[in-house]
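Database features, via TrEMBL:
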BINDING   A:137-139, A:202-207, A:GLU223, A:279-281, A:ASN325, A:HIS332  NAD(+) binding site
DOMAIN    A:171-331  domain 'S-adenosyl-L-homocysteine hydrolase NAD binding'
Protein chains: 4
Amino acid sequence: MLGRKKIEWVSNYMPLLNYIQETYKGVFDGVKIAMGIHLEAKTAYLAITLKKLGAKVFVTGCNPLSTQDDVAEALEEFGIIVHAKRTNDEGVYFKNLNKILDYEPDLILDDGADLSVIVHTKRKELLKNLKGISEETTTGVRRLKNLEENKLLSVPAIAVNNAKMKHLFDNRYGTGQSTWDSIMRNTNILIAGKNIVVAGYGWCGRGIALRAKALGANVIITEVDPIKALEALMDGYRVMKMSEAAKIADIIVTSTGMKDVVKFEDILAMKDGIILANAGHFNVEIPVKEIEKHADKIFDARNNVKGYVINGKKVFVIGEGRLVNLAAADGHPIEIMDISFALQTLSLIYLKENYEKLENKVYDYPESLDIKVASLKLKSLGIDIDKLSEEQKEYLKGF
Amino acid sequence: MLGRKKIEWVSNYMPLLNYIQETYKGVFDGVKIAMGIHLEAKTAYLAITLKKLGAKVFVTGCNPLSTQDDVAEALEEFGIIVHAKRTNDEGVYFKNLNKILDYEPDLILDDGADLSVIVHTKRKELLKNLKGISEETTTGVRRLKNLEENKLLSVPAIAVNNAKMKHLFDNRYGTGQSTWDSIMRNTNILIAGKNIVVAGYGWCGRGIALRAKALGANVIITEVDPIKALEALMDGYRVMKMSEAAKIADIIVTSTGMKDVVKFEDILAMKDGIILANAGHFNVEIPVKEIEKHADKIFDARNNVKGYVINGKKVFVIGEGRLVNLAAADGHPIEIMDISFALQTLSLIYLKENYEKLENKVYDYPESLDIKVASLKLKSLGIDIDKLSEEQKEYLKGF
Amino acid sequence: MLGRKKIEWVSNYMPLLNYIQETYKGVFDGVKIAMGIHLEAKTAYLAITLKKLGAKVFVTGCNPLSTQDDVAEALEEFGIIVHAKRTNDEGVYFKNLNKILDYEPDLILDDGADLSVIVHTKRKELLKNLKGISEETTTGVRRLKNLEENKLLSVPAIAVNNAKMKHLFDNRYGTGQSTWDSIMRNTNILIAGKNIVVAGYGWCGRGIALRAKALGANVIITEVDPIKALEALMDGYRVMKMSEAAKIADIIVTSTGMKDVVKFEDILAMKDGIILANAGHFNVEIPVKEIEKHADKIFDARNNVKGYVINGKKVFVIGEGRLVNLAAADGHPIEIMDISFALQTLSLIYLKENYEKLENKVYDYPESLDIKVASLKLKSLGIDIDKLSEEQKEYLKGF
Amino acid sequence: MLGRKKIEWVSNYMPLLNYIQETYKGVFDGVKIAMGIHLEAKTAYLAITLKKLGAKVFVTGCNPLSTQDDVAEALEEFGIIVHAKRTNDEGVYFKNLNKILDYEPDLILDDGADLSVIVHTKRKELLKNLKGISEETTTGVRRLKNLEENKLLSVPAIAVNNAKMKHLFDNRYGTGQSTWDSIMRNTNILIAGKNIVVAGYGWCGRGIALRAKALGANVIITEVDPIKALEALMDGYRVMKMSEAAKIADIIVTSTGMKDVVKFEDILAMKDGIILANAGHFNVEIPVKEIEKHADKIFDARNNVKGYVINGKKVFVIGEGRLVNLAAADGHPIEIMDISFALQTLSLIYLKENYEKLENKVYDYPESLDIKVASLKLKSLGIDIDKLSEEQKEYLKGF
């Protein structure tokens, strides 16, 4: 019942999915869709939407810790097949992924590309029936592109992450808000006046940095890209190497998509009581395993916060170094996911209708669909904008 | 055990109380202190601190919904007498206040002045033993001053709220962060792009507005004070009457200390899905009772969020209109309360040592103690600041 | 003609003075008013306003470099007596002050209190006719209070600076904008990404810091007051001693009202190309004389910017270390001065009508006039705000 | 002498050009370079740099009003041939462009593409000797691409504007600061609390909006692109059609690259005293000619500000509707242009060395040069950033 209530709540703030449910009825009749998602109320409402459009829907997680079990339960009441459980056991996690794939999906809606990579490596027999993949994240797109470069990609894939309405919104406004929502609720510490280190100044990183600054923090950026480093500097942040930043940090948030962004030797240089959180897709950015190995004491410090004593100093890690807004909170704000999921749904419709014409490569998100989602969102907000006149369009062509 | 863990957690981020525990041992030997507080981990650590300084400590709540029962339980293990329970029943709430008073305290540490007002109105026999009151909030100070103006105040009282280190920090940085922490965790909705109305541009209101703006909202202020209204305008906000603002609001947060700030007729003009929250001390700012009376349907929309259907439109109220950061989250950030409680403790020491010399009036917070707390905080952060030279001090005297 | 055009321009954006000209006609009939002001278009329009209200007006400067000669000339065409000239010669400056005083004013409108101090020290014979003083600045109020403490003050004085509509607006929004307007126009350097040190976190300093941060700078605050230092920290700035800040600064702006805020030894530690500016009333905050004494080379680097070579490094000082927004630009924005001058005019009317009842002390600005000016400003903007109902006023009295 | 002093001043804050002067000596020996630029101190220093690298340099303006005559004069003393004059006469302007072209340049450094378009349309005989074009602006790149699409482009062109170090910095931080520098110095009005309409939310527009908000304004965005409109909304701005925004605006700044962004009928709906400024390349965004035609009175309101009376209301236009930061101030901050000009110089070297291998098309800026400039800038600031380890690079290739 609690899961169902959560789903009802989000349906209040998802005007685009509600619109799509009305407008595209029957579009997926007979289509089998496998979803690998952070299973909570918003993704549940996406699954329900796909079902209402006619699809047979099979749902699993895309991260061991991000499944909310009450929501998973509620979803089954809607006639959706679910294999997902919040767990620390990666074996269980992958077993569930495989169970979903057993249904031989026509389309995969992926988040991080775990389903897609399994299909292309360990379970190639499933490629026969598969028509296309729609992938949500930066990390997943990178993995699919690597498959493509290695000539392994066997179906067309759409990089939903590359939609402007995705990476400009989800990664920036979504991650920005939800990362701090999670850190604040899990620690109750003051952000104002703190030295906060954000590793990575991509779209996620700048969202995280912007909100940290807005909450009164003194933000320090680490980067490997000199252009992004300069942008950070001119946005008013300090820019340093991690080995320097670690010494003065009160909180470190990683958001790079890269492994070992914080090194164990950085941990040793940190202040007593340092708080570490990761906002990147995989739990490889903070060296949690090494911390565990070297800790003199490990204890539950608070819900979702683990404490370690190393060389007499306390180190706190939120959500086990998994992406902090999902592993230790409710993920992105509802309206952000409404936009992303409208993109996803239109992407799946596009794949279903065009897969025969498409090559086996990673496609950028179709621009016309991107603009369509933006226009729908503006309409749902009652906002009217200017349009170019014919004369103005003509002017654009001049030289 | 959970309550104790929570208290341990906050002790990591309360350097001032830790310092005071060491420095003022024995100062309250034999002194009975009654505390009316939002009973959660941070106030618990204040109670423990007073106990460690030698006091007999008696604790009750200062708001029916803000007591965390697991913390109350843990506190008793420290040898502190507690009468407090999270409840919707105001009768239970006031019964607990009276139980604490039965111990005939020497000093009252109050938050909202409920204990102090009871002593001065219904239980005047207790005034005999009482030496002084230390009051935390704007609202409580106002009530004590009204007692004074009516010539009813019978002990010296210190307006801790008037300390610079209190109202400049607690009300601004504390309320600013914790109000949004609470609204975000309880709704999971996006703040960016929303029309957010903040009623009242006092220290609390401007903290709330600043953080809302920082999270990307479009903020509208309502005020009754023309000077504050102009400040809001020049800080980049729109300023309107509530009756106008209500029509376009997505979220309304009240923070005025005044009753009926939102009127029921304003509710009728609101958009479907409006979210209402109160950050003022008492639950009088939003007309919850009238909403309940006129609702066609009432339902639990989410933890801490109640839904009402009025004229076919949904209205959501967080934490029953009680102060949202405490009734539906963890209250102010730890470090903020560490400062406020350092002020409180020094205030109680001051009352204990000087009550015979003091008149029965509401005193501003002693400036020297205010500066002392600031200096201790800077020291705990390792920050060194400039000092005036003798020559410079001399310059200040010139004309 | 240029001066007259400047005055016409400002009259477009001074709704309050325009309103007062209409409403209080004749109020100063026969009254002699001496004004010591930064003589530029806005103060000129104040002088014209006083004249239109019936006064005989005598104008001089209040800072040797802040007089704009074309405006001074234009003012004489309006029948106002002016003794003021942009000059580096302090002798000429003080001679002009004395000339104005020769007219035996009834009221003094002062800015920095030079006129008032002369009357109370070197020209006491003028006290006989003098009825009151209205003083604009923090510095001037401090000097008058020191006169009062030394029992030398011989007329009632009103601290216009203490009006909320003055120090909350002029010092914060006015100084904030105009300081950066001046620095940007005089240097053309980029603010974003720079290390900018602001000395002093009073109302002026926080305006300067806020705008610097907003322009993308990394701002460092120096302070002597621990409470203000903590506010700066929680507002997201770094806080240091000047001796540390000087080493990494790209620009230093002083705004303390104190002498020798930057020491010559700090200059020696600075980076090549450092830019120094002062936003405090007197030119005592930056050690210009010592810099001149020790410079190996002095040169005009740009209009209003002097270059010095010390130990092979370049040091640039804007506007000779005098308050940078007036000595090297056009002073506060017009609308800010419209508010301040409305306060000044009402203050002079108040003094004229009540001087016989007043004591010889420095009075805070009358609250009712403060609110009146705020209300007039809101009205001129077409903004309507809420009003307390009788029931709500009653609620405020409760306990 | 004044012009020379200006050039010396900017040389203090152009570390990249200084570095390039040292490092690439002789690279342009014998090469003839025609420059169409906003001729002021910074572009002058670029011309000097090219000359020091061995080139014969010919300079003209790229906008009739943006030439500073004293700088033009000074430049000739450096042995550079200059045909440029601040003028309202477009005939004179184009005559000067043609004079420069008479020298039969090998390379064109263009800003807005006037030189390039003339060569490709009216003076095709010059194409014989021309090896390449390096173009600075969005507008110029659009014009060159239109030439390319019409199969008219006859030499390789490099879109310097497309360099990340250009459009992410120049358009955002440069235009943002310099637009407000210009508006503030030319009007002296308060920005805080004003309704400011920014037309266009491209890189320039968002820089302008960001700084306006930072100065305390209430910013409204107009857009034709629904995605950008939503970004603006989530960045906290209001989004409207121009016809609505015009009614409540205090200041309107256009920055779209499109003509007729403000329509004459919008002018009629505006408030008395409205201020209009354009930050786009061409003076086509504000309908200055129509305003002139319909004005009952035209007058010089202030330096660079023209006043018009239409239907009894005053309308003020800064810098005749030409790009306000150059026509009425000193253009972008020095350090921004240092970056852009380092890009330009490396682009010209690249064209000189590779033109034979290149096709006659508009090339994006070479990524390696982009990163090189970023790295040089970081080095000049003394900032060290992280580098990917071999292991990390390997990780990026995985799937």
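Any Cβ shown, glycine's included, is placed from N, Cα and C.
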Mean of pLDDT values spanning the domain 'S-adenosyl-L-homocysteine hydrolase NAD binding' (A:171-331): 96
Neighbour tally for A:ALA279 (NAD(+) binding site), based on other Cβ positions within 10 Å of its Cβ: 29
Cβ neighbour count within 10 Å of A:GLY207 (NAD(+) binding site): 27
Densest Cβ neighbourhood among A:THR137, A:THR139 (binding-site residues), 10 Å radius: A:THR137
Which of A:HIS281, A:HIS332, all binding-site residues, has a Cβ with the fewest other Cβ atoms inside 10 Å: A:HIS281
Same-chain residues at least 6 apart in sequence whose Cβ lies under 8 Å from A:GLY205 (NAD(+) binding site): A:VAL198, A:ALA199, A:ILE221, A:SER255, A:THR256
A:TRP203 (NAD(+) binding site) CB neighbourhood, other CB atoms within 10 A: 22
